[in-house]
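> Supplied in structure tokens, the structure appears directly below.
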Amino acid sequence: MAKYKVGMVSLGCDKNRVDSEIMLGMVQNEYELTNNPKEADIIIVNTCGFIEKAKQESINTILDMAKYKTSHNCKLLIATGCLTQRYGDELLELMPEIDIMLGVNDYAKINEAIMNFINGNNEKVKATNYSDVSINEGLRLITTDKATAYLRIAEGCDNFCTYCIIPKIRGKFRSRALESIVEEAKKLAENGVKELILIAQDTTNYGIDIYGEKKLHLVLRELAKIEGIEWIRVLYCYPEAIYDELIKEISVNDKVCNYLDLPIQHISNNVLKRMGRKTTKEEIIGKINDLRKNVPNIVLRTSLIVGFPGESCEDFNELKDFIKTIKLDKVGVFTYSREEGTPAAIMEDQIDEEVKKAREEEIMLLQKEVSEEINKNKVGREYDVLIEKFNGEYYIGRSYEMAPDIDGCIYVKGNGAKKDQFCKVKIEKALEYDLVGVVCNESCK
């Protein structure tokens with residue numbers, strides 16, 4: 001009997017991608033995988049439920065995939081992820097197209113749920129409460145480029161920012177054991193991974209729950225010992241939780257990219273307080289200055305929310321001044337999304353959508369000018385570039401200054417470049433967010 005074919009659509013962030021990779025790793029031994037939904041007997045949609053735009057995309061994708069039940073081979077539609085965890089039975093009632101629903105802690109049940117359905121048991125699985133589940137990544141099927149993989153070091157969040165639903169979806173902060181992280185990293189390296197990207201809802205507080213103190217610096221130190229790993233990149237660092245030992249480890253460890261993602265969200269003390277952030281403008285700027293002083297050529301990325309309830313013109317102007325004067329290397333901007341079940345959703349002084357959008361565009365225009373200025377100063381410099389693909393004209397890769405998907409890239413000319421290899425590249429031209437360079441002779445490895 002031919003194996004059933006399983007297809008998956010993974011939505012949302014890189015943490016969701018890891019969840020999808022875990023599920024694919026589990027089902028690949030029992031079923032045949034396909035990227036073509038027209039061929040799939042079973043379709044899994046791993047949803048995002050963080051903000052309104054993501055929720056709508058998830059719902060639309062489920063409905064799109066449900067059409068293959070009548071037009072093609074699909075016999076079973078499974079919804080997983082944050083949207084299912086957040087809405088549970090309510091989602092099942094609203095979307096009868098879903099045959100099986102699994103929450104963010106139920107991925108170990110994926111094969112059992114599929115088999116039960118095949119055997120005639122049509123009971124819809126319910127989402128499990130996060131407190132019943134420990135962190136265990138298991139075998140993953142990596143979906144990124146061969147040389148790069150995300151490595152989750154913790155799950156959940158204890159920060160409870162007033163705009164954020166994640167603690168209710170993903171649960172309390174739980175660190176993985178260091179031994180588990182290192183073991184998975186070694187397996188990734190054996191399979192050709194050269195860049196590890198450390199992720200969690202909050203990477204900087206790693207270890208505080210299981211070791212009694214922050215241990216991210218120790219994670220970096222141990223991962224750097226693994227043969228084959230060349231770059232270690234850290235995302236989702238809360239600035240108020242960055243500590244001296246971590247800064248020192250980044251500065252002295254050659255394998256740790258001089259790159260940090262600091263999701264500050266805003267700079268006005270008024271807005272930070274309403275957001276429930278545990279820091280101030282002065283502390284954020286102080287931390288940025290510390291990092292720039294102690295880590296040579298560090299690249300700093302942040303994400304910002306504009307249009308938060310009560311954000312006055314003065315607050316917004318303060319944010320604009322911050323963009324113009326501090327000149328962070330990379331900035332992502334989001335308009336505030338009013339999420340039911342969060343304290344911010346019932347705050348007074350909600351901002352009109354038109355104002356939010358205008359503020360988003362204004363910040364991005366300012367950051368575009370900053371980015372152009374920063375990139376122009378890179379012309380003539382040489383970088384180690386990890387080559388990821390060839391588009392027919394250029395090789396495309398990234399330097400240590402660029403995380404995949406969220407930052408720019410380097411278009412590389414010249415002979416000798418190879419996919420999944422590092423090449424020394426000299427920058428010849430600066431674009432708004434990207435760079436153009438040429439391979440230095442005999443430089444690829």
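Cβ coordinates are placed from backbone N, Cα and C, and glycine is handled just like the others.
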> Cys48, Cys157: which one does Swiss-Prot list with Cys13, Cys82 for the [4Fe-4S] cluster 1 site?
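When Swiss-Prot describes the [4Fe-4S] cluster 1 site, the candidate it includes is Cys48.
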> Within 10 Å of the Cβ of Cys157 ([4Fe-4S] cluster 2 binding site), how many other Cβ atoms are there?
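Cβ-Cβ neighbours of Cys157 ([4Fe-4S] cluster 2 binding site) within 10 Å number 23.
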> Pop the Cα-Cα gap between Cys13 ([4Fe-4S] cluster 1 binding site) and Cys164 ([4Fe-4S] cluster 2 binding site) into the table, whole Å please.
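Per the Cα atoms, Cys164 ([4Fe-4S] cluster 2 binding site) and Cys13 ([4Fe-4S] cluster 1 binding site) stand 15 Å apart.
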> Would you mind splitting the domain 'TRAM' (376-441) into helix, strand and coil residue counts from DSSP?
1 helix, 31 strand, 34 coil
